[in-house]
Amino acid sequence: VLIIAVLFLTACQLTTAETYSRGRQKHRARRSTDKNSKWTRECTRSGGACNSHTQCCDHFCSTATSTCI
(Lines of atoms letter the chains of each structure in order from A and count residues from 1; the text may use other names and numbers.)
(Lines give C-alpha, C1' and ligand atoms only; values in the text may rest on other atoms or scores of the structure.)
Protein backbone atom coordinates (compact mmCIF):
# COMPACT_ATOMS: atom_id res chain seq x y z
CA VAL A 1 0.00 0.00 0.00
CA LEU A 2 2.87 2.36 0.81
CA ILE A 3 4.50 1.73 -2.56
CA ILE A 4 1.25 2.53 -4.38
CA ALA A 5 0.87 5.77 -2.41
CA VAL A 6 4.43 6.83 -3.29
CA LEU A 7 3.88 6.04 -6.98
CA PHE A 8 0.60 7.99 -6.96
CA LEU A 9 2.20 11.05 -5.35
CA THR A 10 5.12 10.93 -7.80
CA ALA A 11 2.71 10.79 -10.74
CA CYS A 12 0.77 13.76 -9.36
CA GLN A 13 3.95 15.81 -9.02
CA LEU A 14 5.06 15.02 -12.56
CA THR A 15 1.66 15.92 -13.98
CA THR A 16 1.57 19.20 -12.05
CA ALA A 17 5.10 20.12 -13.14
CA GLU A 18 4.28 19.41 -16.79
CA THR A 19 1.10 21.50 -16.70
CA TYR A 20 2.90 24.35 -14.92
CA SER A 21 5.74 24.42 -17.46
CA ARG A 22 3.27 24.51 -20.36
CA GLY A 23 1.55 27.55 -18.85
CA ARG A 24 4.85 29.34 -18.40
CA GLN A 25 5.86 28.56 -21.97
CA LYS A 26 2.66 30.16 -23.32
CA HIS A 27 3.36 33.32 -21.35
CA ARG A 28 6.97 33.37 -22.58
CA ALA A 29 5.77 33.19 -26.17
CA ARG A 30 3.35 36.03 -25.54
CA ARG A 31 6.10 38.17 -24.01
CA SER A 32 8.43 37.59 -26.94
CA THR A 33 5.78 38.72 -29.43
CA ASP A 34 5.22 41.85 -27.33
CA LYS A 35 8.92 42.61 -27.47
CA ASN A 36 8.98 42.03 -31.21
CA SER A 37 6.09 44.43 -31.75
CA LYS A 38 7.98 47.14 -29.85
CA TRP A 39 10.97 46.71 -32.15
CA THR A 40 8.98 46.98 -35.37
CA ARG A 41 8.33 50.56 -36.46
CA GLU A 42 6.22 51.97 -39.24
CA CYS A 43 7.91 54.10 -41.86
CA THR A 44 6.88 57.58 -42.99
CA ARG A 45 5.54 57.77 -46.52
CA SER A 46 6.61 60.30 -49.14
CA GLY A 47 5.71 63.85 -48.08
CA GLY A 48 5.69 63.05 -44.36
CA ALA A 49 7.93 64.73 -41.81
CA CYS A 50 11.30 63.14 -41.04
CA ASN A 51 14.57 63.75 -39.22
CA SER A 52 16.64 60.93 -40.72
CA HIS A 53 16.66 58.58 -43.72
CA THR A 54 15.72 55.59 -41.58
CA GLN A 55 12.28 57.04 -40.81
CA CYS A 56 11.25 57.16 -44.49
CA CYS A 57 9.81 54.16 -46.36
CA ASP A 58 12.03 54.97 -49.35
CA HIS A 59 14.99 55.73 -47.05
CA PHE A 60 15.48 59.27 -48.32
CA CYS A 61 14.82 62.31 -46.12
CA SER A 62 15.33 65.79 -47.57
CA THR A 63 17.34 67.80 -45.04
CA ALA A 64 16.22 71.08 -46.65
CA THR A 65 12.49 70.45 -46.15
CA SER A 66 12.63 67.68 -43.49
CA THR A 67 10.24 65.56 -45.53
CA CYS A 68 10.45 62.07 -46.96
CA ILE A 69 10.94 62.01 -50.71
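Backbone N, Cα and C atoms are what each Cβ position is placed from, and that goes for glycine too.
Quick look at what Swiss-Prot lists:
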type     : residues : note
SIGNAL   : 1-17     : signal peptide
DISULFID : C43-C57  : disulfide bond
DISULFID : C50-C61  : disulfide bond
DISULFID : C56-C68  : disulfide bond
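Counting every protein chain shown, the number of other Cβ atoms lying within 10 Å of the Cβ of C57 (disulfide bond) is 12. Take the CB of C56 (disulfide bond) and look out to 10 A: across all protein chains shown you find 21 other CB atoms. All protein chains shown were included, and the count of other CB atoms within 10 Å of the CB of C61 (disulfide bond) stands at 20.
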